[in-house]
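Per TrEMBL, the features are as follows:
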- 12-32: transmembrane segment (TRANSMEM)
- 26-274: domain 'G-protein coupled receptors family 1 profile' (DOMAIN)
- 44-64: transmembrane segment (TRANSMEM)
- 84-111: transmembrane segment (TRANSMEM)
- 123-146: transmembrane segment (TRANSMEM)
- 166-190: transmembrane segment (TRANSMEM)
- 226-247: transmembrane segment (TRANSMEM)
Amino acid sequence: MSINYQDLTLALQIYTVVLCLIGLFGNANLIIATCRHKTLRTKMGCLIMISTIAHTICLLSELICVKLKLRFTQTHRDECFRSVVVYMFAVLFQSTLFLMMAIDLFLAVIMPIRHKLWRRGPYLFVLCIPPLLFSCFALFIEEIYINHDDLLICTVTLAAPPTVRFWGTLVTFSTIFLAVTLIFITAFKVHANERESARRILRHSNSITSNTKCSDAKLLKSLSTLMFVFICSWSLSILLSHVSLYFTKSIAYEIQKYNILLSLPTFCQNFFVTGLRSPRYAKAYAEQLSFLPFDLLGFQDSPTSRTVSSNFEDGGGQLPGQLPTLDQYRRSKMEEKFRFPGCPSRMHQLEPTGMKDFEYSFKGAV
């Protein structure tokens with residue numbers, strides 16, 4: 001049975017256009033929601049929005065590539081480089097920005113009070129400098145080593161000379177390794193903080209309480225999900241592009257042509273990950289998309305936007321007619337135990353000062 005490459009080409013183009021449109025829809029909603037809601041404009045929220053802007057540029061550039069049929073047209077490397085230079089800049093910027101997001105979370109856990117006091121504007125500017133410098137430097141090096149070699153197809157990876165591509169792959173995986181290492185260190189620190197907090201509470205009371213998940217744990221899970229998708233899609237795509245150099249030219253071109261199947265999900269993930277993992281984003285999306293005749297991804301009726309959002313934003317309250325959660329019930333019993341007639345609740349005496357500052361520093365995070 002022979003393979004119809006014309007049908008495969010058409011299917012690849014349809015897949016690219018559909019996924020780009022879905023990604024643009026989600027990215028636009030995330031950017032609008034961040035601009036509209038002050039609670040989403042935290043340091044990490046702004047970093048996610050900046051990453052989403054870079055992803056939007058990548059999706060628009062991919063649509064232009066489909067329009068010009070660059071992935072199926074023979075050209076020269078210097079011409080291909082000029083056609084995808086903006087695409088390449090956005091790709092390099094977003095890949096390095098993941099490391100900056102891991103650094104931000106690491107600093108927020110290690111030094112929560114100081115992280116909270118840092119001004120958001122200058123802080124974000126400092127974090128965006130390394131990805132910006134790296135992207136400009138990489139494009140400058142590629143411009144120096146660019147040649148006029150013939151290319152059967154034009155992609156972002158093939159536009160770079162082979163030597164520059166090798167070092168680019170090495171730098172990309174180095175940043176991924178550093179980001180994953182920081183996430184593991186942060187997770188260990190969060191777990192240690194939770195155990196210390198529970199130990200202090202048990203020291204003041206014989207009753208065992210179950211604290212609600214702190215904002216740092218939610219933020220860690222969201223960033224870990226983003227990093228997981230990033231590794232499984234974009235990083236695997238880069239690795240496959242590098243491996244293709246060791247095959248014959250015809251096989252290498254086929255691998256490069258269909259490599260977009262792996263890299264595109266990276267540029268579409270932020271909207272879905274934040275909507276499914278963060279109650280604040282889910283609530284904002286449900287409000288923005290209320291005009292739709294259907295509930296996109298179940299944002300409006302999901303437990304995340306119903307129960308968790310109430311606890312996370314209103315300090316433990318619940319919606320009318322809704323049964324209290326187990327954590328709310330246990331906390332109310334503890335308040336009754338430590339409340340005297342005519343006196344306010346003494347629950348604050350059970351909460352270590354450091355833990356309250358720690359939770360305050362993350363209030364409004366993802």
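Note: Cβ is positioned from N, Cα and C throughout, glycine not excepted.
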Contact yes or no, the transmembrane segment (226-247) and the transmembrane segment (84-111), 3+ Cβ pairs under 8 Å, gap 6+: yes
Surrounding residues of the transmembrane segment (12-32) on its own chain - C-beta under 8 Å, 6+ positions past either end: 48-49, 52-53, 55-56, 59-60, 62-63, 66, 71, 257-258, 260-261, 264-265, 267-268, 270-272, 274, 281, 285, 288-289
Long-range neighbours of the transmembrane segment (123-146), counting only residues six or more past its ends (CB under 8 A): 43, 46-47, 50, 77-78, 81, 85, 88-89, 92-94, 96-97, 99-100, 103-104, 159-161, 163-164, 168, 171
